[in-house]
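S.K.: Sharing a structure with you now.
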Amino acid sequence: MGIVVRQSLKAGVGSYLGVLVGVINQMYVSTEFLSVEQYALSRILFENSLLFASFAHLGTPFIVDRYFSLFRNDEEKHGGILSFLLMLPLVGVVLFALVYWLFTPLIVGYFSKNSALLVDYHFLVLPLTVFWIYITVLDAYCRNNSRIAVPMFIREVYLRVANVVLVIIFGIGWVSFDWMLYLIIAAYGFAVVLFIIYIGILGKGYWRWPDRTILTRPLFKQMLGYGSFTVLGALGVNVILFIDRTMLAGERDLVNAGIFIVASYMASVIEIPRKALAQISIPILTQHLRNEDFGQLEHMNRKTALHLLLSGGLVFLLIWVNIDDIFFLLPKSNVYSEGKYVVLFLLITKLFDMAAGLNTEIILYSKYYRMATWIIIFTALLGFFLNLWLISSYGFIGAAIATSFTTLIYSLLRMGYINYRFGISPYSPQSIQVLAVFGAVFLLSYLVPEHPQTPLIAMVRIVIKTGAVCGLLGFYVWKWKISEEVNGLIDTILARFK
């Protein structure tokens, strides 16, 4: 666990730097310089490219994670697996482009009534999808070479900084909206170039034909079968994550979609610790599964779940106790503040999901990985029909309810299956202590007096409440000795002031 914590903290620096840039961009720069419709359009293009890339890459990133150990050998240039990883997605790109072209009339028809602006730019999702495919594939290759910091910097910092700069350039009138979108897509293409350069600097750019003594025909079929099946799961996950805002644009309009996107972005900040921790945990987790060491697997999962509950709970508190002031400081706050309770619904379910630990990864990298896909497909279909029903009646609030309920069911199904197969539970007595601490800190944070809102007062209140929440939470966690790792970190910090 010590290795996991150290590596995740290192990657977390890049993640939270990216979050800072992302918050500045999504909460202030984009909402200031883009109309609500333009903002929603730019996000839907980006998020749909993630959705399409999740199946167009043919499961290549999952193939890397599962089979890279068979090829790992620097002297043999990793058996030429890098060349294989670059060639396989090309097939998916061609198939995706063909399918998208065939469905273009349906896409245009769906959005033309309520979101005509999206019809004018929907084709941009094609190059963006291609670039995302190779970003995820090269990122997986770096991860399996034990390098996560720089790839995370490229994904989380560079791309967001580029987006901020280009939106500002549009806002001051240097480029048109069309050219802003074109340049943003070019920035994603350059990210692929940066990955290739970085892999070359590491000395891992092994450009050779795959070793057929390793990549035999039976293994090739096995890899394709695994990738094809897991791609259904990846597609399902992205449907769960992104279908709501696309359906809002089609069923309602881009304004409803924009309100929901801003609110969901606020809530998504809670998941950043999980992303960093999961990335570095996958190699260790797969080793425990391969060795059938379920005792160590449960120990690791409980530790992970506890730290995710701590970090996620802290972010939950910081967002919700400051929610009114955060919305007050947003450009176009009278519009975006309508999504306040969207934030609450999503925060609650995301925190519950984080507290379940690495349930997704445990199923996905075990011999029962097919069950992960069936669970995801079921919940994706559930989410689609719930969104279709609730959006028509309740707009973005309906989308929030549908997404929250779907996420809750998804988490419970995974948790129940893991308990059934491995006898593993993510919870420990410390989990109850953490919830008690959160409740106490949440109530105490409301002792800060209310004042008439002005930008200065709102910022002061955010600083005071943030300091109070962090201080109180840190004190209670340290005093109750909930986590050895957190206590050790706090003791180290305190020792420097003695």
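We number each residue from 1, going along the chain as drawn.
Note that Cβ sites are derived from N, Cα and C of the backbone, with glycine treated the same way.
Straight from TrEMBL, here's the annotation block:
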type	residues	note
TRANSMEM	12-29	transmembrane segment
TRANSMEM	49-68	transmembrane segment
TRANSMEM	80-103	transmembrane segment
TRANSMEM	157-175	transmembrane segment
TRANSMEM	181-202	transmembrane segment
TRANSMEM	255-272	transmembrane segment
TRANSMEM	304-321	transmembrane segment
TRANSMEM	341-359	transmembrane segment
TRANSMEM	371-390	transmembrane segment
TRANSMEM	396-420	transmembrane segment
TRANSMEM	432-449	transmembrane segment
TRANSMEM	455-478	transmembrane segment
S.K.: Tell me, please, if the transmembrane segment (80-103) and the transmembrane segment (157-175) are in contact, taking contact as 3+ Cβ pairs under 8 Å between residues separated by 6 or more positions?
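M.R.: Result for the transmembrane segment (80-103) with the transmembrane segment (157-175) is no.
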S.K.: Considering only Cβ pairs within less than 8 angstroms, which of the stretches 49-68, 157-175, 255-272 has the most against the transmembrane segment (341-359)?
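M.R.: When the Cβ pairs under 8 Å are tallied, 255-272 comes out ahead.
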S.K.: Going through 49-68, 255-272, 455-478 one by one, which has the most CB pairs that fall under 8 Å from the transmembrane segment (304-321)?
M.R.: 455-478
S.K.: Which bits of the chain, at least 6 residues beyond where the transmembrane segment (255-272) starts or stops, bring a Cβ under 8 A of a Cβ in it?
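M.R.: For the transmembrane segment (255-272), the sequence-distant neighbours (Cβ-Cβ under 8 Å, at least 6 residues beyond its ends) are 12, 15-16, 19, 22-23, 26-27, 31, 36-37, 39-40, 43-44, 115, 244-246, 248-249, 312, 315-316, 319, 326, 330, 335-336, 338-340, 342-343, 346-347, 350-351, 354, 395-396, 399-400, 403.
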S.K.: Other than its close neighbours in sequence, what residues sit by the transmembrane segment (371-390), given a CB gap under 8 Å and a spacing of at least six beyond its ends?
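M.R.: For the transmembrane segment (371-390), the nonlocal Cβ contacts are 229-230, 232-233, 235-237, 239-240, 243-244, 247, 251, 360, 363-364, 398-399, 401-403, 405-406, 409-410, 413-414, 417.
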